[in-house]
Structure formats: C-alpha cells, structure tokens
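Colleague: Pasting a structure below so you can have a look.
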Amino acid sequence: MPRHGISPGEGHPRSSWETESDRSRGSPRLRLLWIGLAVALALPDSLVLWAPAGAHPLPAQSHPARFGRLVPQLRNAFGWWNLTCPVCKGLFTAIDLGLKKEPGVAWVGSMATKLCKLLKIAPPTVCQSTVQLFEDDMVEVWTRSVLSPSEACGLLLGSTCGHWDIFSSWNISLPAVPKPSPQPPKPPAPGAPVSRILFLTDLHWDHGYLEGTDPDCENPLCCRQDSGLPPASRPGAGYWGEYSKCDLPLRTLESLLSGLGPAGPFDMVYWTGDIPAHNVWHQSRQDQLRALTTITALVKKFLGPVPVYPAVGNHESTPVNGFPPPFIEGNYSSSWLYEAMAKAWEFWLPAEALHTLRIGGFYALSPHPGLRLISLNMNFCSRENFWLLINSTDPAGQLQWLVGELQAAEDRGDKVHIIGHIPPGHCLKSWSWNYYRIVARYENTLAGQFFGHTHMDEFEVFYDEETLSRPLSVAFLAPSATTYIGLNPARPPCRLPGLPNRWQLPGELSCGPGS
C-alpha cells in the first residue's frame, strides 16, 4: 500500500521528442486536431464514462469505444493515413509545448470564450471570466493527458506507438483475510444511551449577497450586486435568503448556528463540505480561504468545545472541482488549500489526521473508543475533476488506504463511520465499483456513511454482490443549508440512538439544521 496514501505513479509517461513549439501554433491542421480531440471528449455518448456505477464490475476495455470509432475519421480528415509513430509523437510534443506557452494558452482561451458566447452557454461576462479562471489549469491537464504524445499516438496509431488508458478500469487489492459472516445490526435495547451527532453540509456562504437585487437574473448565481434590480412586478432578494438560484448571507448562517443550543447537546459534528458560494466563474484563492476561515470561526463560536469533523467539498477549491492528485506539485497543486484547512481545523483534529489532510485532503481518527471516523476526499472520484484525466487510478491511493483503515478496525472489533462530500453513486464508474467492493467486504465493520453535495434529502442503498437482494449498507445524503436552487434549509439534527460502544445506526434518522 502506498505510504500515506500517495499514488506510486505520476501520471502517464511523456515522450522525450522535442520539436520547435511555434510550429504547432502555426499549423491550422494541428489546431483542428486539438479541437477534434476536445470535441471527441464532449460527445453525447461520453456520458457513459460519467454514469453512476451499478453493482457489477466493468468489462475489460483498452479505451472507450467511441474513440475507436473516431480514429479512422480523424486519420481520414487530416490526411494522415501514413502518419508514422516518430512523426506523431513529434507533432504532439510540439502541440504540448506550444499550448503551454502564453500565446498558446491565450489562443485556447480565446477560442473557448468565442464558443461559449456563440453557443450561449452563459452570459458573455460569465463566459469571459470562467475561461480566464480555468484556461491555465485546463491546458496543463490536456497536455499531460489527452494530448500527451503517448496517449494521442496510442489512440491514433495503436498500442505499438503508445498507450491510451484515459479512464480505463482498475481494481484495488483486498486483503486475503476471509470475510466474516454477515451480522445484521441489532436495534438498541430500550433505554440505551443516545449519541447525538449534528450533520452540517453545503452551507455555501455568499459574501456578495445583497438584499433587494434580482433573484432570477441571467447569471448562474443571483441575489448579488451584479444581478441588477428585479422588474417592478417582482420582489427583490430577501433579507435572510431567497427561494431561487441564490446562496446565503452570513447573517442567515449565524442565525442557523446560534439556534442550535436548544437542539443540543451534541457529542460531535459531521461537516461534509461546500463552504463557498456558487459564483464559480469569479473566485480567487483568497476568496476561498476567506470563506474557509470565516465559516470555521463561526462554527467554533457557536458550537464551542464540541468536536467538529470536516470533509472537503468540491467548491472549496478554485477553479471549482479542480483537485490535482498529490503527484502534481508547484502552483498547480492543492497544497495551498490543504495547508489552510490543517491550520483552520487543528483545533479539532489530531496530528495523525492533519498529516494525511495536508497530503490528500482525507484522514482518519477515533472520536470515541470503539468508533473510527474516516473522512474521504471525494473529489478524487469526481466526474467533474478534470485533473483525473491525467490518471484516474485510485487518486492519492485513497481507496487502498481506506482498505487498510477498515481492516485494522475489523481486527480491533471497532465500528466505522465514513463521511465525505460527493456520494459514491455520483462518482466515476471504476471508483464507484471499487468503493462498492470495499463496502461489501467490510459490511460488519461499516456502521454508517454520510455525504452531501446533492442538496437533497436522499439515501443510497448497497446490496450484496452475489444476489443483489440483501441490503448491506446505507449512505445518508443530507440536504443543504443553502437555498440553491429554490430549496428550504433542512430540518432538525441527526439523532443516533444506540450503544456508544457499538455505534450502530438505527432504523430512524432525522437530519438537521444546516444539514
């Protein structure tokens, strides 16, 4: 198992073929090839890659079938039937070098902005800001994945020239220790002690919320200064919030948290992420860190000494959903965010948890004897995390690390709760399938799973792999605090009746303010 959850590999191999980069920008044909591959990833049948996983393993496959169908078309379109492997790798090395230079990034950004406006994907100002925010990261990812010489030439010319394995299937290793016989959870005895856990998720504080502005503007997020005023026939954004595509002002979150006193006391808090607002086209690292520190301070203020255990949401980073695996270093890495989280949350987390949080945004700890809590960074399973184009095989070694944690808990006779942001059924297929295998193997140990992200009050049921008829685990998805889009903030806090030394979930669960 990789030490501290770091993946042993660092993406796909790169060719050493060097070519003058300006040639790539000077060739319309190469530009068209780049656009062709980009369009290929955006084809409707690419949705197959992002579909929620079922309870069956993925069939073996070299690369998605649609690319196989596109290869002859690409070769024919560009008149490259006689393209040799060295020439192919030289061309794509030139493309990579050219795109990474400032004029290349600017050209990509200009083309993307024009397409966004032409297709009316968003208002022009949102198109412009979004492209400017994403362009550097996206060019870096594409030149290290889809456009890398090994990947692209393996696709166009076959395995003798490279290896195309974007989103290929993979498996983690389970220990050889035999699985214990399934033991259905037993309801707690009448009068048994009750453990009370507050479940917070998707707070989405909007620093720019402005009362009276248009709650139904053309932008993806409204109730802000740039939303303008509503027509005279419609009311503007309310003081506390709005049933529309709006997030919450700070005063509403303060009111929510300050009102928790009568609902307590709580033994601990599960806080499963998404702190900043949905203005994802106009966010800086400073904006995200301000949201992190402001809301963390608010939680500390109103919950006092109650231990809080957070998980990383997909909106914590900028660009949104951008969570590079740990082998990505330098300015592109997520270290700026993980270090800030470790500093903000060191009040609640022990040193062992802070260590893995700084590396990959996940951790494990023991809040009480007999209970192990595991906080996963579900961005490493996300369909929208574009950094996984480089290497989607168990990013950060997180799932293999999870297996080690669960096996150790099983050996000790502990129960385990897992918290995270994105639900496992919303992940890339291979990741979801491997997670399903892990849940099935450790069904006796895993006593509860808690996620957010959908903003809805939902659950996901896991069934045994043999008959698909015996339920073996449930993931509870709590609704959001934010009203985005057109929602009520959610209801009373979670109550977990049960023996403290067993930490079993009962049949009754209600989740709560700011859930």
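Cβ atoms are placed via backbone N, Cα and C, with glycine included.
Found this in TrEMBL, in case it helps:
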- D202, H204, D274, H455: Zn(2+) 1 binding site (BINDING)
- D274, N314, H421, H453: Zn(2+) 2 binding site (BINDING)
- 11-24: compositional bias 'Basic and acidic residues' (COMPBIAS)
- C85-C161: disulfide bond (DISULFID)
- C88-C153: disulfide bond (DISULFID)
- C116-C127: disulfide bond (DISULFID)
- C217-C222: disulfide bond (DISULFID)
- C223-C246: disulfide bond (DISULFID)
- C381-C427: disulfide bond (DISULFID)
- 81-165: domain 'Saposin B-type' (DOMAIN)
- 1-24: region 'Disordered' (REGION)
Colleague: To test your reading of the Zn(2+) 1 site: which residues beyond D202, H204, D274, H455, same chain only, put their Cβ within 8 Å of the Cβ centroid of those residues?
Modeller: T201, L203, G313, H315, G452, H453, S480, A481, T482, Y484
Colleague: With every protein chain in view, how many other Cβ atoms are within 10 Å of the Cβ of H204 (Zn(2+) 1 binding site)?
Modeller: 25
Colleague: Would you list, in sequence order, the binding-site residues among D202, D274, H421, H453, H455 whose CA lies within 10 Å of the CA of C223 (disulfide bond)?
Modeller: none
Colleague: Just counting, how many other CB atoms are there within 10 A of the CB of C246 (disulfide bond)?
Modeller: 30
Colleague: Ten-angstrom check, please: count other Cβ atoms within 10 Å of the Cβ of C427 (disulfide bond), all chains counted.
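Modeller: There are 23 such Cβ atoms around C427 (disulfide bond).
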Colleague: Would you report the average pLDDT that the model assigns to the domain 'Saposin B-type' (81-165)?
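Modeller: The answer is 83, the mean pLDDT of the model over that range.
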Colleague: About how far apart, in whole Å, are the alpha carbons (Cα) of D274 (Zn(2+) 1 binding site) and N314 (Zn(2+) 2 binding site)?
Modeller: 6
Colleague: Determine the most Cβ-crowded residue among the binding-site residues H421, H453, H455, using a 10 Å radius around each Cβ and all protein chains in the structure.
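Modeller: When each Cβ's neighbours within 10 Å are tallied, H421 tops the list.
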Colleague: To the nearest Å, how far is the Cα of C427 (disulfide bond) from the Cα of N314 (Zn(2+) 2 binding site)?
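Modeller: With the alpha carbons as reference points, the distance is 12 Å.
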Colleague: Distance check, please: Cα of C246 (disulfide bond) against Cα of H204 (Zn(2+) 1 binding site), rounded to an integer number of angstrom.
Modeller: 9
Colleague: Between the Cα atoms of C161 (disulfide bond) and H204 (Zn(2+) 1 binding site), find the distance and write it as a whole number of Å.
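Modeller: Cα to Cα, C161 (disulfide bond) and H204 (Zn(2+) 1 binding site) are separated by 47 Å.
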Colleague: Once D274, N314, H421, H453 are set aside, which residues in the chain still have Cβ within 8 Å of the Cβ centroid of the Zn(2+) 2 site?
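Modeller: Once D274, N314, H421, H453 are set aside, the remaining close residues are T201, D202, T272, G273, G313, H315, M378, N379, I422, G452.
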Colleague: Starting from H453 (Zn(2+) 2 binding site), work out which of the recorded positions listed here (C88, C116, C127, H204, C222) have their Cα within 10 Å, and give them in sequence order.
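Modeller: Near H453 (Zn(2+) 2 binding site) by Cα: none of them.
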Colleague: May I ask for the distance between D202 (Zn(2+) 1 binding site) and C217 (disulfide bond), taken between their Cα atoms and rounded to an integer number of Å?
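Modeller: Cα-Cα distance, D202 (Zn(2+) 1 binding site) to C217 (disulfide bond): 22 Å.
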